[in-house]
Amino acid sequence: MSVVDTASLTWILVATAMIWIMLPGIGLFYSGMTKRKSALSLLWLSFMSLSVTSFQWFLFGYSLTFSVSGSRFVGNFANVAMINVLDGPALGSLDVPDIVFCVFELMFAATATTIVTGAVCERGRMWPTIAFVFVWCTLVYNIVAYWTWAPNGWACVLGVLDFAGGTPVHIAAGTSSLVYSLVIGKRQPVTDVEQNRPHNINNIFLGTTLSWFGWFGFNGGSGLKISSRAVLACVVTNLAACVGGFTWCMLDYLLLKPRFKFTLFGFCMGSMAGLVCITPASGFVGAPASLAIGFLGSVCVYFGRKLKVLFKIDDAFDIFAQHGIGGFVGCILTGIFAQKYIPALDQISIAGGWLDGNWIQLAYQLAIASAGFAWSFVITLILLLIMDRIPGLKLRTTEDGEMQGIDYDQFNEYTHDYINFQREIYPIKSSSASSVITIQTVNNQNSAQRRNNEVKLVTIGSTSPVEDVW
């Protein structure tokens, strides 16, 4: 191989490892947002999703997604068990071998499945989730990714622009998580505040950090070569994330009660929104457009979270807003801001988007985004309704198991040690009145009370009670 080929090969392998880091990052992000008594399950699922998806990808997933002799709708089994996948040229690139492209694209499939698993938060059983990941990757991700990226896929033939997975990863995963939340039902809340309060902001911060880092490989590597375009993809990725985080913080500062307070959680959510929205556009837009994408994406996701309240769906981590709405907005904005001079850096010719006078590109983007949403919604709904009626694959755990926590119900270990404290009273100072905090614990062996592994903090003598549940 030439020096240039070796450089590109090295960059794609590094990008693959960077995307891998995103998977435990997503697990930490989800784990920090859930209650302590179910936090370990989300960490476990991030690795289990990778394991199941890797096996499926080796068996037939890669062939279904990227076989060059498939139909307009789906690939075939020409490369089943990775037959003839080694040192031939990768799909769409002569700079890296097929085996490198295969493992690089595996990380995208694993990211999509890991995103979906957040929908089981605090009430889902693990075995059905494992089965769902395998079947969902086959019937949803492989097919939507084939439409978008395979040379014979209908969307690719149409001329759709999706650099790094706005539809296959984000729209498909976000939509399917919404359906999973709808089918599995609402959690058992003690209060609305408890249901929506993250238990560990540090984990959310660390998960965002790992995901942001991995996103440079996610977007920067999707051109399959080291070039100025790859560097530009990293630049616009970082800018969109920064603008998205800043925008969300300002919205929280002005709209969230108590007013005029910043939130680290808000910055993490906003930066993730910016990253999602820039994903399909990252190889087609310049720095000025990325600022607009980060801003508009963050605003749309921020207010898009209200949809789950409107439809009364318990989307615990706002996955649909973050990835479904964010991916949809990013896909549409790609049709507006894409410019043909940027792919030309890699000797790739496109007609550009609306800014380049190619207004029909917006219709193409709307077509793939809508098709990805519709296919993911319908297939996931059918799949879950069937699974929930199969003995042994019932999606939801028992009520006792849910109140005890998924970690206690489904695992033999915990992210935190649960210690039976004695009832103590601590005096605190309050500007309005003398107050005390009562800490009351419930023995986690007493299943009759169905409050296992919980600690309540109740402020007495104050006008604003505070409650936190383990």
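Note that Cβ sites are derived from N, Cα and C of the backbone, with glycine treated the same way.
Copied from TrEMBL, the annotated features are:
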type     : residues : note
DOMAIN   : 11-413   : domain 'Ammonium transporter AmtB-like'
TRANSMEM : 6-30     : transmembrane segment
TRANSMEM : 42-64    : transmembrane segment
TRANSMEM : 98-120   : transmembrane segment
TRANSMEM : 127-149  : transmembrane segment
TRANSMEM : 169-185  : transmembrane segment
TRANSMEM : 201-218  : transmembrane segment
TRANSMEM : 230-255  : transmembrane segment
TRANSMEM : 262-281  : transmembrane segment
TRANSMEM : 287-304  : transmembrane segment
TRANSMEM : 325-342  : transmembrane segment
TRANSMEM : 362-386  : transmembrane segment
Ranked first among 127-149, 201-218, 230-255, 362-386 for CB pairs under 8 angstroms with the transmembrane segment (6-30): 201-218
The transmembrane segment (262-281) versus listed stretches 42-64, 127-149, 287-304, 362-386: most Cβ pairs under 8 Å: 287-304
Recorded stretch that, among 42-64, 201-218, 325-342, has the most CB pairs under 8 Å to the transmembrane segment (169-185): 325-342
Same-chain residues near the transmembrane segment (201-218), Cβ under 8 Å, at least 6 residues beyond its ends: 14-22, 24-33, 39, 107-108, 111, 164-165, 234, 237-238, 241, 264-265, 268, 271-272, 275, 279
Same-chain residues at least 6 beyond the ends of the transmembrane segment (325-342) whose Cβ lies under 8 Å from its Cβ atoms: 161-163, 166-167, 169-171, 174, 229, 232, 273, 276-281, 283-286, 289, 292-293, 296-297, 300-301, 304, 307, 349-356, 361-366, 368-369, 373
Mean predicted confidence [pLDDT] for the domain 'Ammonium transporter AmtB-like' (11-413): 94
